[in-house]
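What TrEMBL lists as transmembrane segment is 15-40, 52-77, 97-119, 139-163, 197-219, 240-265, 277-297.
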Amino acid sequence: MPFMKLTTMGITTPLAISLQTILAIESAVAFLANGFILVVNGHRWIQNRKMAPCDFLLTSLSTSRIMLQLTILTINILYLNSAESGMRTYGQDIGTFLWLFLSNASLWCATWLNVFYCVKVTNFPHHLFLWLKLRIDVLAPRLLGMVIISLMFFSVHPTILYFEAKKAFNLSGTLTRNDSLSKVCHNPFFVFNTLQFFSICMSFILSVAASMVLLISLWRHRKNMKKSGSVIKDLSTQVYLNLMKSLLFSLLIDITYFATLIIPVSGYFRYAAYDGFSLTVVLSAIPSAHTIILILSNPKLKEILLRILNIRNVAS
């Protein structure tokens, strides 16, 4: 995990303090933005006693990102303020497992949200796509639930294997003869990382494919609107243009996040202490930026946000 690389750098250096300050600001933005989505959708759910599939996916995404941000902050605080001990090592490793799981869960929430938007907005005459369009409201939340349960299931075994290896090593002082446990002693995440790496790649491919299909569909719609002589300032056309801009930003964010996340997860790259913590800052900033884009591209959320900001301006 990137923030585990702070062992060799002093936390009182100007660069370290700057990185910690940036991370604190990013955390505040993440909590405010994702908390805003949770409050708005939770209020609607209390009023209506039901939640739309889109709101459910957004709520799941915001929840996973808040938990992820809390994990990053907690592990950094514990790491920087605790002395070298066995408990500190256990805490770091547990934090790494939790960080990888929540990062993956957050990615899949964003992926199914992209797929949901893609199926809802695009129009293709193929019968399979039409079948999916009629059932996406039910399928998307269920598929997300299946993925999260699968991630949890495949996270339990490596975690148990890790603690068995640690226990065996601590009791004997040498590596265990069990081949699996011996591998865990050398690299506690060798199984876990492989599964997470595969899951992240699948999520990224599916998310990018859905975003590209949606972008192409929106671009064709805008082209047809021009050919038909529709005014470019028409409300529906402006909505499509705004959605295309949001999708482009989201696609860029997805690619950047995947490229950054793959460095610590793959284990094939070596980086210094400051590089590791810089990765943590980037991995914390990208989801926050994506959440802000989601709020601004969602008419209901944007309207409520502007209303709140306007009330504050009037009050001041």
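Just so you know, glycine gets a Cβ as well, placed from its N, Cα and C.
With a cut-off of 8 Å between Cβ atoms, the residues of this chain six or more beyond the transmembrane segment (197-219) that come close are 103-104, 107-108, 110-111, 114-115, 117-118, 121-123, 151, 240, 243-244, 247-248, 250-251, 254-255, 258, 261-262, 265-266. When Cβ-Cβ distances under 8 Å to the transmembrane segment (52-77) are tallied for each of 15-40, 97-119, 277-297, the top count falls to 97-119.
Beyond its flanks by at least six residues, the transmembrane segment (15-40) meets 6, 9, 58-59, 62-63, 65-66, 69, 72-73, 76, 274, 277-278, 280-281, 284-285, 287-288, 291-292, 294-295, 300-301, 304-305 of its own chain at Cβ-Cβ distances under 8 Å.
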